[in-house]
Every structure is written in structure tokens, then in C-alpha cells.
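Working notes, structure below.
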Amino acid sequence: MKLNFSLRLRVFNLNCWDIPYLSKHRADRMKRLGDFLNLENFDLALLEEVWSEQDFQYLRQRLSLTYPDAHYFRSGMIGSGLCVFSKHPIQEIFQHVYSLNGYPYMFHHGDWFCGKSVGLLVLRLSGLVLNAYVTHLHAEYSRQKDIYFAHRVAQAWELAQFIHHTSKNADVVLLCGDLNMHPKDLGCCLLKEWTGLHDAFVETEDFKGSDDGCTMVPKNCYVSQQDLGPFPSGIRIDYVLYKAVSEFHVCCETLKTTTGCDPHSDKPFSDHEALMATLYVKHSPPQEDPCTACGPLERSDLISVLREARTELGLGIAKARWWAAFSGYVIVWGLSLLVLLCVLAAGEEAREVAIILCIPSVGLVLVAGAVYLFHKQEAKGLCRAQAEMLHVLTRETETQDRGSEPHLAYCLQQEGDRA
């Protein structure tokens, strides 16, 4: 690698709100999005909620000259909705589906059927290895009564672990997507603390766009006040996060968002605002010991957020086990009822009534059995994430007590930040 190596990486991210039969003006919005991406000529365009593979193929054909490489990440019954368009050849592709993703009986929310996931693409840019990730986490739906909070924390941890373990050979790491979390939310803090990723909005030298970088704003005609909840001025739930891993320094020169409409018309691309970032990457000479400046103060934030996350997962585990136990009792009660009905059916007097009641009783047992199995699986998934956090927390606490060997993510972050 040349000592004077540098490059600029222009990135586009958007939650497209492309739901067949439900989203408004899909065809027009996809057409305008394709025109805009061709005009701007980004290095990477990472999209979420493209839940129509036909629309992806439309964009792929429309963008083929500007973005010759593209990929659609498939998962679940409906699909992950994730896709990428790249001006540069994609060397490797991998997808990880989150193990916890809501509840199948909350069908009106639909997250469980989508197979929410994270997609990884590896690019080589003049010798530099870039790991780019695109993801979409579980929606919140209600700030006051968030029944999916534990699932979203578990997803954030799973995402952080995935990045942590797959980015060790990368020079630069980029994560874009709809995290469905506010900047100070537990899952967002957990993700940034464990991976060492920087928030482009916080770090940028030049920001232009909506107030406070909000990516859902009231002036967008597709956004209702119900979507914003207790935040009438807007919410920031879409992110561009980045870091340097090896002998590089990366910073966000510019960050722009749309402000309720696309830059070339008075209509929005989506109910979310688009993010457009320019990252500047340059070679940074290696330091003798990039970890010597790291101490207990830097580690304490990670320890604190891990403890809080484990507590929240514990509450989720207790809830999942309660539902599993309740459905278990229902199964026992239903089976007992079936035995009684079979006895009654053997007689002459109540045979017809018993046979009729057997049908809903069998249905009750089957439904309760499905609920039992699902919540047992949910409890195990939350326990797994909690156990992984405990392992990291124990190591970090011991290291803090010794006052040495800071965690790997922070060391890599510090090394990348040294210019």
C-alpha cells in the first residue's frame, strides 16, 4: 500500500418503503430513485425495504451502466428487503438472518415473516479491503409499550458480533441501514461500543439536511404523527456508521439527508429520508502501540451498556418463559379435555356434543403447542445472547481491574483514528 494512498467513498442509504399493494406511489418513487442514483453516481447504494423482487430487477436494469454489480438478499417468507448496488466489483457476499425477529402471531406487524437480516459485501478498492454491511432491525411500533425491545437488543448484539467477527481482515468497515433505534437507545449504544463504529452524523465535518439529522420528519407527506410518536419534530433511526480497522484513517467529510422530498422534485423517495455520505480514507502509518492510551475509563462505557443489556434480556427471558409455561398449562388442560371428550363420545347420550367439541379442543392443543415451542425457542435465543454478553463482560471487568489489555474493538478503533 502506498504511503500517500487516499480515496473518497460516496455512499447512499435509503429505507425505500417498497411494500407491494400497501406502499403508495411505488412505481413513481422507484423511477425517480433510479434516475437520482444514475445522476449522482455513488460508489455504493444500500437499500432497505425493497420487498418486491420485481422492483429490484427494475432498478438493476435501470442502474446497470452506472452500478454494474448488484445483489438482492433473500430470506424469510417475504424477503429481507435488503439490496445493494455497487460501482465497483463485489468480491464476496454473505448474509446472516437474525435468530429472533418478533412473533409470528403478530402478523399485522409482519417482521417475523420478513426474515430481518444483515448483508455483507466485500470490495477491494485499489488494494483497500472494504467490508460494507446493510441491515434492517425490528420495528418499534410503540415507544411507550415496546414489546419487541428485548428482540431488538438481541438483534443489535447479534449484528455487533457479526461485524466484530467478520471484519478482522478488513481495512475499513461501513454499516448502513434502518436500525429502528434512536442514537441513545440501548441497542444502538451496545452496537457502537462493542464494534467501535463512528456515527457519521456526529463525526461529519459538513452536514446539510433535516434538523438533528432526522430520517423521519413531519414534513414528509408519507409520515403521520402516529409514526413519530412522542417526537413531533422527527426521529433519527437510519444510520451511516464506519471505522478504520488497520493502517488507515477514515473520516466523514460530508453528510446530507433529504428533507421531506427528493432533491429534484417536491415528492419524497420514501417515508424515510435518504442519507448521502462522503467518506475520506487515507493511509496512516502504524503506531508502535495503539492500545497504550486505552484505559479503564474507555472500557467503563462498554461494561455499563453490557450490564444494562443483560438486565433487559433477563426481563425478556422471564417473559418468554412465562408464556411457555402458560401455554404448557393450556396444553395439559386441552389434553385432559380431549380425554374427557373421548370418554363421553364412547357413551350414547353425549356422543354428538363430544365429537363436535373435540375439533376446537384439538385446535387449542395445536395452537398452544406452537406457542410453547416458539417461546421456548425465544427464551433460548435470548439466553444465548445473554451468555455471550456475560463472557465479554467478565473479561472486560477483569481487564479493567488489571488496568491493561483493552477490548479489541476499541484498540482497532484507536489505531484507525490515528492519522
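Indices start at 1 and increase along the chain as displayed.
Using N, Cα and C of the backbone, Cβ positions are placed for all residues, glycine too.
Taken verbatim from Swiss-Prot:
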type	residues	note
ACT_SITE	His272	active site, proton acceptor
BINDING	Glu49	Mg(2+) binding site
SITE	Asn180	site 'Important for substrate recognition'
TRANSMEM	326-346	transmembrane segment
TRANSMEM	354-374	transmembrane segment
Other than its own, how many Cβ atoms are within 10 Å of the Cβ belonging to Asn180 (site 'Important for substrate recognition')?
24
Given Asn180 (site 'Important for substrate recognition') and Glu49 (Mg(2+) binding site), what distance in Å do their CA atoms have, once rounded to a whole number?
13
For the residue listed as 'Mg(2+) binding site', what is the tally of other C-beta atoms lying within 10 angstroms of its C-beta?
23
C-alpha of His272 (active site, proton acceptor) to C-alpha of the residue listed as 'Mg(2+) binding site': distance in Å?
11
Under DSSP, is His272 (active site, proton acceptor) helix, strand or coil?
coil
